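The signal peptide annotation in TrEMBL covers 1-22. The disulfide bond annotation in TrEMBL covers 68-81, 101-109, 104-112.
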């Protein structure tokens, strides 16, 4: 009986650990929700378009239009790209602190 109980507890512990890794952190921007991995990819794409880590504010909407046209952009951003204020939303997503978001200490991040 003790052996069965021990095995059950070990299996339960393994299940809980595997479930903890399956949880996906989501980032919300307005009515849209994106996976943290997609936001990381967006940040990579926007960083490649900036110079010395700074972006000219006058070119922000143009550069985000080019980000939306980039085939490397995750498809889940396409509905956002079709919105009128897409450049503002994308710029906010591009500045989400990923390290803080991974531990869900940022208000826009959920799912921890």
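Cβ from N, Cα, C; glycine included.
Each residue contributes its Cα atom, and for residue 68 (disulfide bond) and residue 109 (disulfide bond) these two points are 22 Å apart. Other Cβ atoms within 10 Å of the Cβ of residue 68 (disulfide bond) number 17 in total over all chains.
Listed in sequence order, the residues of the same chain lying 6 or more apart from residue 81 (disulfide bond) and placing their CB within less than 8 Å of its CB are 68, 73, 90. Among the disulfide-bonded residues 101, 104, 109, the residue whose Cβ has the fewest other Cβ atoms within 10 Å is 104.
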